[in-house]
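Visitor: Okay, so TrEMBL annotates it like this:
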- G166, R167, S168, I241: NADP(+) binding site (BINDING)
- 6-121: domain 'Tetrahydrofolate dehydrogenase/cyclohydrolase catalytic' (DOMAIN)
- 140-289: domain 'Tetrahydrofolate dehydrogenase/cyclohydrolase NAD(P)-binding' (DOMAIN)
Amino acid sequence: MTARILDGKAIAAEIRGETAQQTADWVAKGGKQPCLAAVLVGSDPASEVYVRNKQRACERAGIDSQLHRLDASTSQAELIAVVERLNNDPHVDGILVQLPLPAGLDEREILDVVDPMKDVDAFSPENVGLLVQGRPRFLPCTPHGVVQLLKRCQIPVPGKHVVVIGRSDIVGKPMALLLAARDGTCGPEAANATVTIAHSQSDDLEGIVRSGDIIVAAVGRPEMVRGSWLKPGAVVIDVGINRVGDRLVGDVHFEEASAVASAITPVPGGVGPLTIAMLLQNTLMAAKLKTGKA
Ligand SMILES: Nc1nc2c(c(=O)[nH]1)N[C@@H](CN(C=O)c1ccc(C(=O)N[C@@H](CCC(=O)O)C(=O)O)cc1)CN2
């Protein structure tokens, strides 16, 4: 079997195009041009790329963007002050603090300060709570991107056994919630899947993965999931982005998995670009929510 390649880059471009149209329609009807403020602390090369790509995507979608660059030596109090200033700035609709933060800064405390109405990453306790309760305000970008990818590639999800490998706050946990959501919850994104969350400490991880119809790998270990772990015909969604020398690889061994799976996302060009596409959607949503017209 040679797996079908799920082209996340193309789907992200399609979604960005839709957001650009929706933004233009919103502004034409007198809505305020949405504005996204990104906060980048330090100069991690990957974060620099992601933030630049976010700004470029905003520009192309007709969304205003700001970049607040802070030195790696910025203190917790200084960073909190920047976020609070953005919370209180009426021009700013969406705020994101690019992760990871440099060592010494308390990520959780910073994310807790972001105004939940501007929290377009959906990382704040209020927005996570709303998602858990099945009435999300913003959908978390990467998990929402995965659901869009499955939907737009017409991969059947209801009733399927999805194994999510990884339990991070950014991907694993919200991914499982979105995929397990019942109709009428989590908006049209409800997927009605049967979900298992597995992780590096799971007993018989291979056996668990082999029981999955769909695998979402978000564990952060280069090429950890081998082809021999997969059920023949499984769908493989690789959320991992790992730099190995000068190569970018996912959490799944792509060549091996492609020989067993029915469909697979590549790295790069799979899930990554969808994260930014869904961020734009949330930013437009934040601008609309401010007026009560979302
Ligand atoms: N505040 C946030 N921080 C982080 C998030 C996030 O959603 N919010 N996610 C990741 C980084 N990230 C966005 O911020 C992100 C990662 C990867 C991509 C992407 O398009 N990747 C490309 C490869 C690009 C490359 O060469 O590195 C791909 O997979 O094709 C976009 C966004 C952690 N931090």
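Heads up, the Cβ atoms here are built off N, Cα and C, so glycines get one too.
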Visitor: Please list, in sequence order, the residues in the chain of I241 (NADP(+) binding site) that are at least six apart in sequence and whose C-beta is under 8 Å away from its C-beta.
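Guide: Listed in sequence order, they are A46, L248, G250, V267, P268, G272.
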Visitor: Would you mind giving the whole-number mean pLDDT across the domain 'Tetrahydrofolate dehydrogenase/cyclohydrolase NAD(P)-binding' (140-289)?
Guide: 95
Visitor: Out of the binding-site residues I have (G166, R167, S168, I241), which ones have their Cβ sitting under 6 Å from ligand 1?
Guide: I241
Visitor: Max Cα-Cα distance in Å among G166, R167, S168, I241, the residues listed as binding NADP(+)?
Guide: 16
Visitor: Using a 10 Å cut-off on Cβ-Cβ distances across all protein chains shown, tell me which of the binding-site residues (G166, R167, S168) has the largest neighbour count.
Guide: G166
